[in-house]
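Here is what TrEMBL says about this protein:
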TRANSMEM  7-24  transmembrane segment
TRANSMEM  30-51  transmembrane segment
TRANSMEM  58-77  transmembrane segment
TRANSMEM  83-103  transmembrane segment
TRANSMEM  110-129  transmembrane segment
TRANSMEM  160-178  transmembrane segment
TRANSMEM  211-232  transmembrane segment
TRANSMEM  247-271  transmembrane segment
TRANSMEM  292-314  transmembrane segment
Amino acid sequence: MRDKRHPSLSWALVVGVLALLPFVTPGTYVTGVMCFVALYATLACGMAVLLEQAGLFSLAHPTFFGLGAYVAGMLAANEILPPWAGIIVAAIVVALIAYLIGAPLLRLRGYYLACATFGLLFIVEIVLAQSGSITGGHDGLMGIPPLSVFGFTLGGDLDYYFISWGLCLGCVWFFSNLMKSRVGRAVKALHDSEVAASSVGINVPRCKLHVFVLTAIMASLAGSIFCFYLQFTTPSMFGFPLLTELFTMIVIGGPATLHGPVLGSVVLIWLREAIHVYLKDVLPKLTAEVDAVFFGILIVAILIFMPEGLAGSLDRLAHFVRRHLGRSS
């Protein structure tokens, strides 16, 4: 009984802290940064599901994030659909694209799949940059209206904060329950051995494709909210730098649990903000280089001293404390 209550208590604590945070921090700076934390965490969670749970070394997540942003943004900017409908259509379009490219690409494994999806990342970025008449080209897509739902317009950081974290927590909840279901057990079996999974009746290609499409939909939803929050988008936002940030988040937080990438997103983005704040006057031209060096050192340190990530280390510490307290009582 005790073990069953812990997840509910943890969820209640997390939701309570996130609900109070905007009201106990001065100004809108923290709220704005936490919007980015939530959206990147959503993206990192989906990528961690593919990498750790399903064993699919796909690097296409920034692509789906960007496609979701561009499709929803173009539909709203050109007044073809209202923003909320654009988000739904973007998710459907991205799901269809993920299905069409996933069917052949997921026949590949390991580094071959990584190389193929890595190439897809650059192809989509180049196409978006060169399609100036449609996407705005290198200058980006401008004139995106704020998100509105049935006449209610999200007009500030606080509104986007709650919708971003609602999506993030919904993503964690969805994949947590999915991994406990029959589908989730089949996905985990793929990670251990595709041959063994196939021998017990699991349709390996279909199972791979389903989890690939589901994570792509989550990436699309995050990208759509991202574009409405910023009200502009450029191809460079969804390229190789974003991919490296996602990997860093997953490594820092730990890929074994779904709350690991969320923790990694919090740590990475706030450390980056701290570096920018404290170095913008001292080394204004070297901030990006300092970022790269610092996070490179951090990744190496995490891999050496905490290979399971911060979330794994904290879970192990919590288990040790509970066991010690149980013996004491």
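Note: Cβ is positioned from N, Cα and C throughout, glycine not excepted.
Keep in mind that what you see is a predicted model, and the values were worked out from it rather than measured.
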Subject >> Tertiary contacts of the transmembrane segment (110-129) (same chain, 6+ residues out, Cβ under 8 Å) >> reply: 56-60, 62-63, 66-67, 70, 101, 135, 137-138, 235-236, 238-240, 243
**OP:** Rank 7-24, 30-51, 58-77, 160-178, 247-271 by Cβ pairs under 8 Å to the transmembrane segment (292-314) and hand me the top one.
**Re:** 247-271
Original post:
Between the stretches 7-24, 160-178, 211-232, 247-271, which one has more Cβ pairs under 8 Å with the transmembrane segment (58-77) than any other?
Top reply: 211-232
**OP:** Mind checking which residues of the chain, 6+ beyond the ends of the transmembrane segment (7-24), have their Cβ under 8 Å from one of its Cβ atoms?
**Re:** 30-31, 34, 157-158, 161, 165, 169, 173
Subject >> Distant-in-sequence neighbours of the transmembrane segment (247-271), which means Cβ under 8 A and at least six residues beyond its ends >> reply: 33, 36-38, 40-41, 44-45, 47-49, 51-52, 168, 172, 175-176, 179, 294-295, 298-299, 302-303, 306, 308-315
